[in-house]
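S.K.: TrEMBL lists these features:
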COMPBIAS  49-67  compositional bias 'Polar residues'
DOMAIN    78-400  domain 'Major facilitator superfamily (MFS) profile'
REGION    49-69  region 'Disordered'
TRANSMEM  79-99  transmembrane segment
TRANSMEM  119-141  transmembrane segment
TRANSMEM  148-167  transmembrane segment
TRANSMEM  173-194  transmembrane segment
TRANSMEM  206-231  transmembrane segment
TRANSMEM  237-260  transmembrane segment
TRANSMEM  297-318  transmembrane segment
TRANSMEM  330-349  transmembrane segment
TRANSMEM  356-375  transmembrane segment
Amino acid sequence: MEFAPNNAEETCLKNHQRLAIKDGHDQHTEGMGMKGPAFNHHYYQSTNEINSDSTDSPEPAASTSCDEPSYPEGGLQGWLVVFGSFCAMGAVFGLINTSAVFESYFKEHQLKEYSHSQIGWIFSLYLFLVFFIGIQVGPIFDHYGPRLLVAVGSILIVASLMLLSISEEYYQIILTYSVLGGTGGALLNCPAYGAIAHFFNVRRGLATGIATTAGGIGGIVFPLLLLQFLLGENGVGFAWSCRILGFILLVLCAAANLFVRSRLSAPVNDDEKKKSRGHSVWPDLTILRSRGFASSAVGIFFMEWGLFVPITYIISYAKSHGSSDAESSVLLASLNAGSVLGRFLPGFLADKLGRFNVIIATIALCVITILGFWLPAGDSKPLLIAFCVVSGSRAGATSG
């Protein structure tokens, strides 16, 4: 879908045309067999490069925007991309936010002889792959766009649940849920975030916040469905519970494949084609030379370490302190319900107050909730519920 140029872009194009004609290189001369450069990106220069004896100089304000990308900041296509990203994140983070149900079930059934620490590696590896493989997925997305990545990721994440349904051994669960699911999640997650950035700049925090609410909504719906399928009176067992969840993810991934798009333009001349071919799809580590970027990357790296501990272990913790299956599921649903608001509101505030200011505030709230609510909670169910709601609201701002 092509976007109509805005006024600044129209002015910019007119200025380039005037500049090309003034230098004696009208684009029609190429068709007449005359030597001279074609009308291409070499003429996309600022007004400072125009000869001082020119009497028909372009407007400075227009030329300033020639080298800056424009963003639709919405529109039908932009919001459809947000919806597609919502569906992709619902598949990836909805599954992550269901990990407490799987952890508790594995401990009581297939993996009775394994410790909580050993079972925890299943979910740690899944999360590690979702985020670590993104280092490579990002450059591929920048180079080729999201379509192939989203398609392959959809196949892998759905296949992981279908194969998990027939897994009984520890290594089988690692290979299906962790490796296959984590790889598929990485291929979905990075394009879901990146595509939004192609359509939004000023309102990027709001658009991203709306899309990431899918993780919280999935974290409410998926655990309740899974517990009903596993432990309800009309339960269908572990195998069909995984398959049903897989079919739900299939629907979400189908929508993601339809709507997640980028605004990458194909090279239009020989010079740009050569430049495009010269770009590597391997991660460009030279970006770490920027102290600001490197500091941000390191900070976010450590920030993510503790975010998913409550999501993974809250059910087992509650059961060890006397809560029933139903009460434990309410705790997980409360945590994810809090994260819905915690995903949307900080995104909106980040556009107004600044991204780092909002992150600092949510991390401070994270420390307060763990030390002030969870640490002294013990067997207190009201305190545990309060912790889950408040903890979900702060975690949603810093996770997917």
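Placement of Cβ uses the backbone N, Cα and C atoms for every residue, glycine included.
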S.K.: Considering only the recorded stretches 79-99, 119-141, 206-231, 237-260, 356-375, state which has the highest number of Cβ pairs under 8 Å to the transmembrane segment (148-167).
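M.R.: Looking at each of 79-99, 119-141, 206-231, 237-260, 356-375 in turn, the most contacts to the transmembrane segment (148-167) are made by 237-260.
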S.K.: State the non-local partners of the transmembrane segment (79-99) in its own chain: residues 6+ outside its ends, Cβ under 8 Å from one of its Cβ atoms.
M.R.: 123, 126-127, 130, 150, 153-154, 157, 161, 181, 185, 188-189, 191-193, 195-196, 198-199, 207, 210-219, 221-223, 226, 245, 249, 252-253, 255-261, 308, 311-312, 332, 336, 339, 399-400
S.K.: Taking 119-141, 237-260, 297-318, 330-349, 356-375 as candidates, which has the most Cβ pairs under 8 Å with the transmembrane segment (206-231)?
M.R.: 330-349
